[in-house]
Amino acid sequence: MNVTDLPNAIFLMGPTASGKTDLAIALCQTLPCDIISVDSALIYRGMDIGTAKPTAQELALAPHKLIDIIDPALSYSAADFCRDALREMNDIVARGRIPLLVGGTMLYFKALLEGLSPLPSADPAIRAELEEEAARLGWQALHDELVRIDPVAGARIHPNDPQRLSRALEVYRISGKTLTELTQVQGEGLPYRVHQFAIAPSDRALLHKRIEQRFDKMLQSGFEQEVRALYERGDLTPHLPAIRCVGYRQMWDYLAGEVEYDEMRYRGIVATRQLAKRQMTWLRGWPEVTWLESGESGNLARVVARAGVA
């Protein structure tokens, strides 16, 4: 099929605090678009303030798919995202509208665009086995095992990253092949004509300032109470992906008495800036993307003109 015969989709990517949501809502008021969130933190229920989840007013203007879809105790993989996003995209197109995918989780965008490698599904029995070994021997011993069987993954994955470390070992124990071997097998690409845009301020100091202001606004809006409710549930730990989200891990440490309030605030801002830096690193190497300056009045018209879907 010729690429011009494929259905249209728009990607609006960018670091945290870059103005993606405002532009996305404006696009929905201009084009027949429906928003799909591409954010590994917005998927969790009960995590609204620290994730800067769209407000009720914003959601009334432009509903978002794939937010508030799972409990923080559960995990959600890039494969889960691809399955859910493609289902939503196909549904949107079937209604004669355009999927507008908005967010900053670049791994999700990449997986959706290029297709995922054929990795085996999680195996609870093997996960439990690895957890038991880690409790008995320590994560460093498991990391040493990974280095022996898959030096490339071992060099990339830190011993203090139990989620990724256990996944790499799990893949090997299930399939007999290393994570490095399997990820070299390309999946199926996205059957859409994708128009890709990245929005960010060109002045890094401005982005840093916006991040600091946003974090302080979260603190003023009840972020501590939000995380305390999660903390007091009793079934959540700092090792879960939800609690490892930027801001939540730092507030969790504060509630556990491990750091003072001012240190928590400082660490939360630094962690958010580091996240933005990683997002920008991804985007600078992203092919076929049109860059937009945060806050520029002509961004809406530029997206409409470039996408050519009006």
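Glycine residues also receive a Cβ, built from the backbone N, Cα and C atoms like all the rest.
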- Query: With Swiss-Prot as the source, which of 163-167, 208-212, 213-217 is set down as region 'Interaction with substrate tRNA'?
  - Reply: 163-167
- Note on the structure: Students should find that the region 'Interaction with substrate tRNA' stretch in Swiss-Prot, chosen from 7-10, 39-42, 147-150, 195-198, is 39-42
- Query: Swiss-Prot tags one of 244-249, 256-261, 268-273, 286-291 as region 'Interaction with substrate tRNA' - which one?
  - Reply: 244-249
- Nearest of the binding-site residues (THR16, SER18, THR21) to ARG127 (site 'Interaction with substrate tRNA'), judged by Cα-Cα distance: THR16
- What's the CA to CA span in angstrom from GLY19 (ATP binding site) over to THR105 (site 'Interaction with substrate tRNA')? 15
- Query: Given the binding-site residues THR16, SER18, which one has the fewest other C-beta atoms within 10 angstroms of its C-beta?
  - Reply: THR16
- ALA17 (ATP binding site) has how many other Cβ neighbours within 10 Å of its own Cβ? 25
